[in-house]
Amino acid sequence: MTHGQFPYIRGRRLRTSSAMREMVAEHHLKPADFIAPVFVMEGDNSRVEIPSMPGYYRYSLDLLMDEIGELKEVGVRSVLVFAKVPDEKKDNRGTEALNPEGLMQRAVRTIKKQFPEMLVMTDVAMDPYSSYGHDGIVEDGEILNDESVEVLAKMAVSHAAAGADMVAPSDMMDGRIAAMRESLDEAGFKHTGLMAYSAKYASSYYGPFRDALDSAPGFGDKKTYQMDPANVREAVREAKLDEQEGADIVMVKPGLPYLDVIRAVRENVSVPVSVYNVSGEYAMLKAAAEKGWLNEEQAMMEALVGFKRAGADLIATYFAKAASELLNDY
Ligand SMILES: NCc1[nH]cc(CCC(=O)O)c1CC(=O)O
Ligand SMILES: [Mg+2]
């Protein structure tokens with residue numbers, strides 16, 4: 001009895017042993033694929049666990065160095081820095097974001113001094129500095145685009161001056177990539193890279209991150225600048241525009257609900273594509289694992305290789321350290 005090419009063709013032959021499966025694996029993860037987001041706060045010798053992100057911490061700068069040392073130890077080669085700004089330093093124009101002695105700038109200098117080979121990327125966005133918790137200057141309830149881009153371009157230069165290898169604008173204002181490239185070049189930072197959050201969706205999966213930085217919008221939502229989850233063609237358009245404006249890497253964010261977007265963007269640009277496996281995705285997996293409903297390590301690795309299969313070249317993920325430890329083990 002034969003059915004089509006069976007029994008001559010048996011897909012299971014290639015799955016008979018771990019060596020066989022590994023030999024035919026189409027995608028692989030390695031620690032250098034990961035970008036580890038890190039949260040820094042003022043103070044000494046302190047760390048605070050983020051309630052909605054079990055096992056993930058905000059560190060004072062001194063303790064952040066230990067954490068980065070551990071990341072380096074397991075083979076992670078790049079970090080993406082986010083700073084928690086005290087309320088009294090927030091205003092509508094993100095003034096503190098340009099302070100050369102600000103927390104972000106000090107963090108970048110300190111990391112580069114202690115770990116010169118670690119790639120340091122910085123979040124360029126106004127929301128942690130904004131009294132309204134928005135990614136731009138607010139006027140009569142509107143988030144101004146062009147005026148915000150001017151601030152963002154200065155912020156990029158300020159991070160570059162502190163020693164950032166790449167700046168990563170996460171604001172979704174129009175035209176900011178070209179403005180940043182021009183400002184960076186004019187200021188002499190022609191080798192400072194730009195990783196653009198090109199297709200960043202207005203997502204509920206950012207909730208735990210906003211807890212971590214106390215950066216939730218004070219009014220309304222971010223739907224007039226972040227993208228509608230219903231759209232994929234628009235993501236391709238945004239990514240292509242950012243590539244033309246000079247982005248060195250384009251990003252899709254969040255990750256798991258947007259694998260098709262990663263694929264579409266990958267097929268339409270030439271620059272590397274990164275994905276942000278965001279805070280809510282981390283929280284979701286951790287919560288299920290805590291309840292014993294999912295195997296945490298297996299679910300984590302499955303999600304991460306899924307990003308590569310979808311077409312991501314690099315992955316910003318809160319699992320960077322845990323996944324690297326596992327990859328080193330076997
Ligand atoms: N510009 C802010 C910013 N940069 C990265 C994230 C989210 C990251 C995450 O959820 O892990 C956000 C939140 C937001 O847009 O409200
Ligand atoms: Mg855009």
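Placed from the backbone N, Cα and C atoms, the Cβ positions cover glycine too.
Residues annotated as active site, schiff-base intermediate with substrate in TrEMBL: K200 (among others). K200 (active site, schiff-base intermediate with substrate) falls within a strand when secondary structure is assigned with DSSP. The Cβ neighbour count for K200 (active site, schiff-base intermediate with substrate), using a 10 Å radius and every protein chain shown, is 25.
Long-range neighbours of K253 (active site, schiff-base intermediate with substrate) (same chain, six or more residues apart, CB within less than 8 Å of its CB): S170, Y197, A199, K200, Y201, S203, V275, Y276, V278. For K253 (among others), the entry in TrEMBL reads active site, schiff-base intermediate with substrate.
For E238 (Mg(2+) binding site), the number of other Cβ atoms no farther than 10 Å from its own Cβ, over all displayed protein chains, is 22. Positions annotated as Mg(2+) binding site by TrEMBL: E238.
Checking the recorded positions K200, E238, K253 against ligand 2, the ones with a C-beta less than 6 Å from an atom of that molecule are E238.
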